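Step one of this worksheet: look at the structure below.
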Amino acid sequence: MKEDQSQKPLLEAQNIELRYNDKPILKELSMDILSGGVTALLGTNGSGKSTLLKTMARLLMPQKGCVYLDGHAIAKESPRSLARKMAILPQSPEVPMAITVRELVEQGRYPHVGPLRMLKKQDHAAIEEALEVTGMQAFEQRPLDSLSGGERQRAWIAMAIAQSTPVLMLDEPTTFLDVRHQLEILELVRRLNQERGTTIIVVLHDLNQAARYADRMVVLKDGRIVRDGTPDRVLTEAVLQEVFGIHATVLKDPVAGTPIFLPHSVVHREG
Amino acid sequence: MNKLIRNRNPYEMTYKIGLLAALLLVLILCVMHIAFGKVVISPQHILRALANVQEEEHHRQIIWQLRLPRTLIALVAGAMLGLAGAILQSITRNPLAEPGLLGVSAGSVLMIVIWITFADGLGDATRYLPLVAWTGGIGTVLFVNALSLGKGMDITRLALVGILTGSVLQSCTSLILLRHTEAVGSILLWMIGSLNGRVWVHWDMLWPWALVIIPLGLLSAGAANALQLGQSTAASLGVSVRRMRWMMLILAAVLTAGAVAAVGAIGFIGLIGPHIARRLVGQDARRLFPFSTVVTGVLLLGADVIAQAVSFELHVFGLSSQVSLPVGAVTAFMGAPFFLYLIKQKRKSH
């Protein structure tokens, strides 16, 4: 499932520099994303992982550098044409909404039909598929504000899926969910990648989960990429100590075979 | 059975029934609105007068010259305020947003007051009131927007600047009021909002604009739906967030100023109408916008029926026959407690 097509990157960030209030968040950062994989962006709070995701989705504009999708600079694309190529689900917007799940998922068709044709009820196969793949069919007429956190998150993901884009980005999709719902979301993400070939970039907090579900782990620290590779190569005791500041033991997950860590203590730095 | 219930949109049903009920209410309120006033006219007389029966000449005059235009203005001005409120609540994602929020009403009123105090004697002054109000309203939106421009389009900041600008503009109006005590009566009516003395001239300056702007507002529902999912989500759906939001702000400003030009700064109605509508038909703008429009029209008409009835009572009790309650006082008097009730209810349900 990895790197099955040409080796030309699908998405390419080149020398990205982004400052917020004069504070540099991303520093001369470059990254390539090949078509078809699940890439997890990781790092401590404030490492710039979310910022990198938003920059690649053009929700933020870098002061320097450029992001290319299929060889075209995304900064020059029209919003709607870009939204037909990639979807991003921002960190879950916790506003109670009195609209039904189906009405939310319908919004995913916006880039395909535009504001005026969105006045009509959208009736597209992509909507049914999105409801089905997320298991939200039974909930389609339920108001969003009557759902549990996990169900709501799945509804939002369904909206992004209905957008039918080859690239899907998710910003901490498992935050605030209990462990079962976290796994549900991650399994869904994995399935989207395997069954539909969707290229997925996801910001995650949980390193063990990232190792379990991603093909590639990219670790950021202070706005730079410090580790990049398969879970086996990235989730190591050295990385945990240097980047995340903890002493830990890395084991092999007896079921999945992926690396898994057990934290022991905080690294106390001198001075 | 279960599947049937599951597959039905819960808001859709309320929407259809609600629209029917609202239209029925419009009819009933129209009759009441025409009936009440200093002279109470019975429904038979109304029908006969509307049919231009000869011996009803007196009633015919009252209805055709005084009451009917007022009824229509109440409905349409209310509708415009309701739609403006719904648009603002959607794009700011704040249920407390209302037409007065961005200082639009205050700006329009100030310009109107300046116009009627200083341009009096220009003859056809009333005809230009909408333009005057729009200058004030749109000017205020531009000003507020320019001041709150910073990184992105921060809605909280926009609202804050809007409220502050609104109060400054309002105190300007008060200053004029203090300088021109002879015009206190009419200035106050603009500030509170009133339908007294609204006749065909006012209707003629209201309807052409309403006919253009209300449909435009309703057509913006598709974009509003995306916008109310939040700035980032809307952007990821391919919405040009800044441009769309800007266009809808202007739309709301134009709707508000149009209504203010006809009836003054009527408070609360543009807040409560959309609020009631949202509770009944949900947040999908494709239902919310038309429903808010109708509901708020009904509310303003209902409030004016009360205003007229109360004015009439005062007359009976031997007070000055000139006393007539401005409808803006009714909406504030009934609207504020009603709103408190809604807020309290909402607390309970969560």
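Backbone N, Cα and C atoms are what each Cβ position is placed from, and that goes for glycine too.
Heads up, TrEMBL stuff is auto-annotated, nobody curated it.
In TrEMBL, the annotation transmembrane segment applies to B:158-177, one of the ranges B:38-57, B:158-177. The transmembrane segment (B:288-311) and the transmembrane segment (B:158-177) are not in contact, since fewer than 3 Cβ pairs between them lie under 8 Å (pairs 6 or more apart in sequence). Between the transmembrane segment (B:100-119) and the transmembrane segment (B:183-201), three or more CB pairs separated by 6 or more residues in sequence fall under 8 Å, so the two stretches touch. Long-range contacts of the transmembrane segment (B:323-343) within its own chain (CB-CB distance under 8 A, at least 6 residues past either end) are made by residues 74, 189, 191-196, 263-269, 271-272, 275-276, 279, 299-300, 303-304, 306-308, 310-311, 314-315.
Residues of the same chain lying 6 or more positions beyond the ends of the transmembrane segment (B:131-149) and with a Cβ under 8 Å from any Cβ of it are 102-112, 115, 157-158, 160-162, 165-166, 169, 246, 249-250, 253-254, 256-258, 260-261.
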